[in-house]
Structure formats: structure tokens, C-alpha cells
Amino acid sequence: MCSIGDDDVLDDGISSLMTPQKQMLHYLPKGTCYKCGQDRELYKIHFREAECKNCFLIFVNHKFRATVGSSKALPRNADILLVFDGSAESVVLLDMLQTAQSESNFKRLHCYLKVLFLDDYEAYKDTCGINDYKLYIQQVKDLLLSYDNIKCYVTNLRSGIHQKPFDIKDMNLYLNREMEKEKVFSNDINNIQTSTSRNEFIKLYRKNLIASMATILSCKYAFIPTINISIATDLLSAIALGQGNNVACDVAFKDDRLVNGIKIMRPIKNLTETEVLLYIRARNIKWCDRRDHVINASSSIQRITELFIRNLQKNYSSTVSTIICTGNKITSNNDSYEEFEEKCCLCNSSIVNSETLSAVRYSRYVSERMSSDFDLDINFKKFLNLTQNQDQKVCHSCQNIGRDSDINLIKHYL
Amino acid sequence: MPIKCKTECGRNAVLKRPKTSDALCKECFFAAFEAEIHYTIITNKLFTKGEKVAVAASGGKDSTVLAYVLKLLNDRHDYGLQLILLSIDEGITGYRDDSLETVKKNRDDYQIPLKILSYDELYGWTMDRIVGQIGRSNNCTFCGVFRRQALDRGAKQLEVDSIATGHNADDIAETVLMNILRGDTARLRRCTDIRTGGGENTIPRVKPLKYTYEKEIVMYAHFKKLVYFSTECVFAPNAYRGHARAYLKDLERVRPSVIMDIIHSGEQLLFKDTVKKPVRGICERCGFVSSQQPCKACILLEGLNRGLPKLGIGKKSKGDRMRLKQDKELALRERANLVKNDF
Ligand SMILES: [Zn+2]
Ligand SMILES: [Zn+2]
Ligand SMILES: [Zn+2]
Ligand SMILES: [Zn+2]
């Protein structure tokens, strides 16, 4: 159950905002490890005694293995595609997977690993200049090339789900690829009026793309490096976006809503930012900064939610873990009576109806037709007929996307 | 050039509806606002003809608009309800004095009878005296817990069939967020219900303004020139709830439909079978609805009467320890007295 009591602020007051590298932890006290009794540099996370590097690493790796193991959803010798972006979380997950593969006998994680660098510059290009982007690409390439025993690939968010990914060694081919079609994609995305809907569309599309790349690279499982604060943000955003009926899949370890049987997994969903940063320090590994941090605070539901959670976490240190706790108690009904239910043509979730949704529609209805000679009773019946005959191929949440864009224009991407 | 009303009634628009962003004239806004509440009442079957309904009246904007609109719809659509205003006097100097005057004015303006019940009558304590004991840090807990039960007690006295409260769409969306943030799945399950209670021993509560935006309530009251009392509770409002409220306002600014979207989300949440459902029973001390034994109001009351006002605040185990400690001390003192008296 929920015994997680993690906290994202260290006891010595170092805040662990996962922003620039400069904010990395530059000071760790020396002392005696409570576990093994050795005098070392001490790693201290909330709700745990100060411990040495080795004991800390054992703890964090155990957390990761527990998440992967507890669900029993990952079979032995599975083909795994790690979705990578050079972020601190993604290098930690890569390092943990490598460690787990090289463990001795019974502790060893038996799997076959491939890495996909998903270049999603399209999603943050407004906040990151082209030169910073080029630098970042170079960094990711160098980083991945240093893992010479793993096959690494690169693809672009805009490239389309049928485009084969490039080998990371062919970075030049990738950078000079044919981009005419990609411009159409960018154009279609830019035609979505609000950044909230744009983010939602990209989120849905990214999932499809990951599933498709996994299929092309013959992997059944895709690992994504989402940590606890992102899970909390995703959960609260989904609530705000009207996705209560399928929010469970957004926060669970396993997400199997994808059409081609690919399963997306979140093996480090229980890690905190502090743990990620301390892990990086303990293992002395590099990560790549995307430098896309200047973002308009009030631009989208997702962004407002992220900032809200970060601020709240500063004042109430159990914010993130409590939200995760709530999320762990939620389930979805997407599996039940699958065949009878209508599915949304954008997000593929079940289309539900409720008094609240009909109240929403009634609001729009009267707001457009109301006048002094409006007969409430006649129109009441008219409205009910209208509701029953309505063409309902889009779920409530995606109707919001529809209000900000032309659904027919973006539908074929999903 | 002035903008025309969206409904093509021919008049000029004077406002933009917060809920739909449509530009409407005053008359069309009133009509739409009232039609939606009527729709909510009818489709959710909130009332039955001949019922006696208590309107929880605080003098604030929500309950004032609720009383006004219920009266209007009851007459217009012949619901056949007997309405009565029910007010609770917490005994907060400078807060209730004025708001109760407002409720009295509502009574006269809308011709609805009014019953005022005081905390002093119901519990033997006024909020002013409670604050004297506990200070200002936890008084909102007392106020809220006592108020909740006060309505039940009052409704029972008045022998009504249901209590209508002024909870609006913003309140409900905010409560959904709050319950997620504090991990309260029991409340998360029921906070979106338009009707709660109504079992054997309880009087049901209904929320006719469940789908009405706070901004529209303010707008409606303003254009109708309804008199309401607009000061917040004089004690510090709950800081945590304040964060949730600010967050909701930020969201509403980018997407006005977010309030309804959150309510919809809250209703659609399904919980794993392993998550235990709270048993809503009856407090054996006072006989009112409670999921705890004894109910929170009874514990708080015990704390006040024992001179341990913090008794009901925080964990139950802590309360038990405090009780035990006091009992021990009392026993010791008694023994000491006995010893003294022996001489
Ligand atoms: Zn150690
Ligand atoms: Zn959808
Ligand atoms: Zn009009
Ligand atoms: Zn009781």
C-alpha cells in the first residue's frame, strides 16, 4: 500500500527542482552510514536515515526492481524499447537497466534492450533556439554512442508512425532527412488553437508513435522514464481535462490501451526528483539539458498544473506522494464489455454519458436559443431528442480538442 | 457598434456568459440561468410534489440566489413545494449579526418563512467562546463540523423532507481537487453526488446549483439586484483550500469549461475493489449521520467540555492518549484529595 513518504526537498535545504545542471547537489555531508557503519559521504532523502553511496544505490535500484517485479507484467527475456530523451530521468533508467542486466545470477533482469531517442523538438521549439537544439542533439548522440553494446535509434516526432527510425550512428542521415511531409504535420499542429489541446494531441500522438516504433523494432514493451512528480501532474491534468474514466491508465505501471498490443511501462514511476539527482551524482553519469525552461506560466492546463504541484510540494512536502496514493486507488473500466462500447476516434477511450454532460449540452443549447418567447417545455423535448440522436464518436475530453481544431484534419494521425 | 444578443432576440448583449462565452442580453441570461437550474431539478428528480424543503440560508450569494430561484421556479413550474429558510447562528460577533439581517431581509422579500438555530442552543457553545478556548488555528474545523450537523438537527426539528444547499459548480470542482490532493477517497466518491443521505434515519441533501458557475451566480445576483452578504468568514480561511481555489481559477482562465470537466472527471472515477468504502452509520451518542463512532461533532464537543479542545483534531490515537492522560491525572488528583481529606 502507500508507504511512500518521499519528499523532494533535502534536509540541508537544497531544493531539487529538476532544472539546470547548475542546481545539481554540490554538497553532501560526511558521516557514518546508518546501515553499514562506514564513514563516507552521506546521501540523505526524506523519511530515510543518512546512508552511504552504496547503500543508497541498493535502495534506489530496489525501488525500481520492485516496481517492475510487483506487477508481474514483464515476462523473462522480454524485448524492451527504452524511450530516451537524454533527461536525467532517462539516463537513470538506462543506467538502472544496464545494472540490472549485469547483476549476478538470480538478481539479474533477463531482457533484450534497445533505445529509441525520440526527438520531439516540435513540441518545445517555441522555447528553445535552434543552436541550443543542435547542441543538445550532439550531446544525446555522444551519450548514446558511449553505450556501445546497445542498439540505439533516433526518430522525430514529426516523421510519422511508418517512418523507420535511424541508427544513432547515422545521425547525419537523420539530420538531413526528407522533411516536406513533416512540415505538413507542423502546420496541422499549429492549426490547433490552444496549447492545452496541442499538448493533448501530441500526448496521444506520441503514444501511437512509440507503439509503432516498438513494433518496427520488434519490441513488445516500451519503457518510459516518467517519475513521480510527472505522474502526479499527469493525473491532476487528466482530471482537469475531463478524463476521469481513463486516468488510471495514465498513472499505472502498465498502460495497455494501445491498438497493436504494445505495452507502455513506467518502471521508475515511484522515484522522486531528489532520488534521480542523487543517483546521477552517485553513479557520476552525464545527462543532456534541453534548455527549454522559459515557458509561459499561464499558457495551458498541463503547464498550470505542473507549476501548481511544484509550488504546493514546496509548502506541503507530501503533496506528490499523496496524489500518487490517490492515483493508486483508481482503476478504469476500459476492459469491461469492450465490444459493446463506443470508442472515441481520437483517444480510443470508452464514450460515456452522464447527467453532467447533458447539463453541459443543455447550457450550450439554451444559451443559443433562449429568448422571451422560448417555450421551456417544448424545447426540453426537442433537446432530449437532439441529445439522443447525437453523433457521438468523440469522447467528452476530446470534444475540447475538437473545439480548438478541425478533428478531421488531425484524426488520421491517431 | 454594440454586439447583438446571441439568441437573436434583437436586444443588445450586455454580458458574456462565463459558462459558454456567449454574448447575451440581460433577459436572455436570466432565462438561460433559470432554465438550467430547472433542468437540473427535473432531470435529477430532486424534489417531489408536496414536499417541505429547507433552504440552507447563510445570507451569502449562493444561498440567496438559491432561495430566490427556487421560489421563482416553484411558482413558475408549479413544483408544489413548501419552502422554508433555515439559518444557523454560529455566534461569531460581527459575522452572523450582519448576515442574519440579510437572511431576514430575504425572508421578507421572498415571503419564505425563516428558522434560526444557534450553536448555543444546539451545542451549548458559541464560536466566539470556542475560539477563546482553542485560538484561531483550528476553529474552522469546529465551525464546519458543527455547521454540518446543525443543519441536520435543524431539519429534523422542522420536519422537512430535504435540505437544499447552495453548493455551486466551482465548489464541487474545488472539492474534487481537494480530495485528490489529500487522498480522501471516501469523500472523493460522494462529493459530486447531487443528492446525499436520504437513508432511513437521515434527511437527504440536494444541490440544485451543482451545474451553476459561481461567476454567473454573482452576475445574476448583481443584475437582479439581490441583497446578499459578501464578507468571508472572519476567521482565517483554510489555506490549503485557498491553493486549490487559486489553481481552479487559473485553469478557468485558459479553459472556462474546466469546472464542468472536473465534475465530470470526479463522477467517472472508479476505485479498486481493495479500497474500503466508509460505512455511513449513525452516531450512538447523538443519533446523527456519521462514518465514525462517535461522530466528529461529539468528539469535538467532548474536547470542549473536558477542557481539551484539541481532542478531535489530528489522529484518533493522539486523542485517545490525551483522554487517557487526563483521566489518569484526574484520578491522581482525586487520590491526592482523598489523602488530604483523610487528615
Ligand atoms: Zn552504507
Ligand atoms: Zn477521446
Ligand atoms: Zn437576448
Ligand atoms: Zn454524535
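Note: Cβ is positioned from N, Cα and C throughout, glycine not excepted.
Since we're looking at a predicted model, the values are computed, not measured.
ATP binding, as stated in TrEMBL, involves B:ALA56, B:ALA57, B:SER58, B:ASP62, B:GLY166, B:ASP171; the candidate among B:ILE37, B:ILE88, B:ILE92, B:ILE194 given for that site is B:ILE88.
Looking only at other Cβ atoms within 10 Å, the busiest spot among the binding-site residues B:ALA56, B:ALA57, B:ILE88 turns out to be B:ALA57. Residues of the same chain lying 6 or more positions beyond the ends of the domain 'Cytoplasmic tRNA 2-thiolation protein 1 C-terminal' (B:282-311) and with a Cβ under 8 Å from any Cβ of it are 123, 125, 130, 133-134, 138, 141-142, 145-146, 148-149, 152-153, 186, 197, 199, 201-202, 319, 322-323, 326. Residue counts for the domain 'Cytoplasmic tRNA 2-thiolation protein 1 C-terminal' (B:282-311) under DSSP, split into helix (H, G, I), strand (E, B) and coil, are 11 helix, 3 strand, 16 coil. Of all Cβ atoms in the shown protein chains, 22 besides its own fall within 10 Å of the Cβ of B:GLY166 (ATP binding site). The record assigns B:ALA56, B:ALA57, B:SER58, B:ASP62, B:ILE88, B:GLY166, B:ASP171 to the ATP binding site, and the maximum Cα to Cα distance across that set is 20 Å.
DSSP gives B:SER58 (ATP binding site) a coil state; it is part of no helix or strand. Ranking the binding-site residues B:ASP62, B:ASP171 by C-beta neighbours within 10 Å puts B:ASP62 at the top. DSSP assigns B:GLY166 (ATP binding site) to coil in the three-state reduction, placing it in neither a helix nor a strand. In sequence order, B:SER87, B:ILE88, B:SER99, B:VAL103, B:GLY166, B:PHE229 are the residues near B:SER58 (ATP binding site), counting only same-chain partners six or more apart with C-beta under 8 A.
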